[in-house]
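What follows is a set of notes on a single structure, which appears directly below.
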C-alpha cells in the first residue's frame with residue numbers, strides 16, 4: 001500500500017505533523033512525528049470518555065506496614081519518599097461545553113496527561129482510513145502488519161540516566177524517577193511507586209506490577225511459615241519414634257527386594273479489595289471498552305463482508321460455523337499435544353527405572369546405595385528439559401492455531417490464546433508432580449505378583465514415602481525454570497538490543513546533519529533502537545504457574561514459597577528495567593484488573609484445596625498415624641510393624657526368606673480390614689476438609705467486602721461533584737455564568753470535517 005493517502009488524512013488531524021529522514025549506507029528511515037492540537041485533544045477526550053480532574057486531593061496511598069509503623073512510632077523499612085508524587089483527584093467524564101469546571105483547564109500544555117495524549121493519538125491512528133472502508137483498509141495496525149510502516153510508538157521522556165548536573169529529585173523526568181526509585185537493584189526492599197508507574201505506562205501495566213507486588217507480599221509470611229515448618233519437620237524426624245524403631249530393629253524387618261501439613265489462604269479475596277481501590281484511584285472503575293475494532297489480520301483474511309449490527313457499517317466477516325469447526329479442530333490438536341506430554345512422562349518413568357537398575361549393578365557401593373536417588377534426580381532434570389522444549393513448541397503452535405481460528409477482536413484472540421497455552425502448560429508442568437503425588441506406588445502389586453509397564457516393574461515410593469521425591473521434583477522444576485527464565489530475561493534483551501542497534505547504526509551516515517557536522521541522534525532514533533514491548537502474557541503466565549506450584553503441592557514442599565519469594569524479588573526489578581530501559585514505550589492501555597488471569601488464579605486455588613486434601617489423606621502418613629494412635633497406642637510404638645505386610649507364603653518358600661513390604665494386606669495378598677477402614681477415613685477426611693476450607697473461604701468472602709467502606713464514601717462524593725459540575729440545567733449567575741461558557745474555538749466539532 002502507498003502511505004500517501006494515509007498521511008493526507010493524518011494531516012487533517014495533525015497540522016503540526018513533521019518528518020525527519022535518516023540515511024545510512026544501506027537504507028533510508030523516515031520518522032513521522034505527530035503532535036495533536038488542543039481542539040483535537042478536546043474532541044477525542046470527550047469521544048473516548050476520558051476522566052479529567054474536578055478537585056485535587058492529597059495522595060492517600062499507603063501500605064499496611066506503613067500504617068503499622070506509624071502507630072508504633074517507628075520508621076518503615078519498606079517505604080521511601082519518591083519525588084513528584086502524583087496527586088489524587090475527584091474526576092468525571094470530560095465534556096467540552098463544561099471545560100471551565102475542570103481543574104487546570106486553562107493550562108493547555110498540562111491539562112491532559114502524557115498517557116491520555118498517547119491514547120488519543122493512537123485512537124486517531126487506529127481509525128484513520130487509507131483506502132476502501134468496506135475492505136477494512138483502516139488504521140495503522142493493518143499498515144504495520146503489511147510492512148508499510150515498521151513501527152509506531154510514543155516517545156520516552158528523555159534518557160533514563162540522570163545527568164551529573166541534575167541531582168535535585170524534583171528536577172528529574174518521569175522516566176528518570178522510575179529508574180532511580182524503582183528499576184535499580186538496590187531498591188529490592190522498597191515498595192513500588194505504583195502511581196508513578198501508572199502515570200508513565202498506563203493502568204494496564206501498573207495493575208500488573210501492583211498484582212505482582214501484592215502476590216510477593218503474600219509470599220513473605222508464607223515463606224516464613226514454610227521455613228519454620230521445614231525446620232520443625234527436621235527436628236521431629238530426628239526424634240520420630242517410628243524412625244527410631246527402624247534404626248533399633250537391626251534385622252527384625254527384612255524388607256522385600258525393590259528394583260506435617262498446612263495450607264495457605266488464597267490471596268484472591270484481599271486482591272479484590274486492592275484492585276477496587278486502585279481501579280477507582282486510577283479512574284478505571286467504570287471503564288468499559290467501546291465497540292472493539294477488528295484485528296488487522298482478521299480484516300485481511302476474512303472471506304466476506306457483512307453489516308455490523310452496532311455501527312451499521314460494512315466490515316469483514318468470518319462465518320461463526322466455520323470458526324466453531326476450526327476451534328474444535330484446535331481442541332483436537334491440544335488433546336494430541338497433551339498425549340505427547342503423557343508419552344514423555346512415561347518415557348521419564350522408564351528412564352528412572354532403567355537408570356536405577358544400571359546404577360545398582362555398577363558395583364560401586366556409594367552408587368548402589370543411592371541408585372534410586374540418582375535415578376530420581378537425573379530424571380527430574382531430564383523432565384525439566386523436556387518441559388521447556390515442549391513449551392516453546394506449543395506456544396508457537398498455539399499462536400498459529402489462534403490465528404487460524406479467525407477471532408474478530410484482539411480481546412477474543414488473547415482469551416483464546418491464553419486458554420490454549422494455560423491448559424497445555426498446566427498439563428506440561430504439573431503432570432510429573434501429579435504422577436508422583438497420586439499415582440506412583442499405587443499400582444505396584446505385591447511380592448510374587450508385581451505389575452509391570454513394558455516389561456519393567458512399576459515404580460514404588462522409597463522407604464520414606466513419595467512426599468520427599470515430590471518435594472525434590474517440585475524444587476527441580478520450579479527453581480530450575482525460574483533460574484533459566486531469569487538468565488534469559490537478563491541475557492536475551494541485552495543481545496536483542498545490541499543486534500537492534502547494530503542493524504540500525506551505520507559506521508558512516510549520509511544525512512544532511514552528518515554532512516554539516518551535526519551527528520546528534522534524535523530521541524526518535526534512540527527510541528527506535530529499543531526493543532518492542534511484547535506485552536504481559538509471558539510475565540503473567542510465569543507467575544500463575546509459580547502460584548500453582550506453591551499452592552497445589554504446598555503440603556509436600558514447605559520451602560516452595562521461599563524460593564518463589566526470592567525469585568519474585570528479582571523478577572520485579574528485571575521487569576522494571578525492561579520497561580524503563582530496554583523497551584520502547586508502549587501505548588498506555590486502560591484496564592479494570594488483571595483480566596482472565598484472576599479467574600485462572602481462582603481455579604488454581606480451588607484445585608489446590610482438593611489437591612492438598614488428597615495429599616494429606618493418601619500420600620502422607622498423617623491419617624495412618626492418627627488411626628494407629630486411636631486404635632493401638634498413642635506413643636506410636638510399633639507403628640512401623642503396623643504398616644508392613646508379610647510376603648505371601650509361596651513367595652517366601654520360593655526365595656527361602658520371610659520378608660516384609662509396605663502395604664495393608666494379609667498373607668494371601670488381599671487387602672486387609674485395616675486398609676478398608678483407612679480408605680473410608682481418608683475419603684471422609686477429604687470431604688470434610690474440602691467443605692471446611694470452602695466454608696471458611698466463603699465466610700471470609702462475605703465478611704471482607706470487595707470495596708472498602710472508605711472507597712464507597714469517596715465514590716459517592718465523586719458522583720456528587722460530577723453531578724454538580726455537569727448538570728445541563730444548572731443556573732449560574734453573574735460571573736459564574738460567563739465563566740461556564742466554553743470559548744467559541746472549543747465547540748464540539750469534528751476536527752477533520754468541521755461538522
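Glycine is no exception: its Cβ is also placed from the backbone N, Cα and C atoms.
TrEMBL annotations: computationally assigned, not manually curated.
TrEMBL tags one of the stretches 594-618, 619-643, 644-668 as transmembrane segment, and that stretch is 594-618. Your range for transmembrane segment, going by TrEMBL and the list 544-566, 567-589, 705-727, 728-750, is 544-566.
Looking at 327-354, 439-466, 467-494, the range tied to transmembrane segment in TrEMBL is 327-354. The transmembrane segment annotation in TrEMBL falls on one of the ranges 285-306, 417-438, namely 417-438. Sequence-distant contacts of the transmembrane segment (417-438) (same chain, at least 6 residues past either end, Cβ-Cβ under 8 Å): 330, 334, 337-338, 341-342, 345, 348-349, 380, 383, 387, 390-391, 394-395, 398-399, 401-402, 466, 469-470, 473-474, 477, 481, 537, 541, 544-545, 548-549, 552-553, 556, 596-597, 600, 611, 614-615, 618-619. Contact between the transmembrane segment (208-236) and the transmembrane segment (374-397) does not hold: fewer than three of their C-beta pairs are under 8 Å, each pair 6 or more apart in sequence. Counting only same-chain residues 6+ beyond the ends of the transmembrane segment (374-397), those with a CB under 8 A from a CB of the stretch are 333, 337, 340-341, 344-345, 348, 351-353, 355-356, 359, 367, 421, 424-425, 428-429, 432, 469, 472-473, 476-477, 480-481, 484. Averaged over the domain 'Anoctamin dimerisation' (23-194), the predicted model has a pLDDT of 84.
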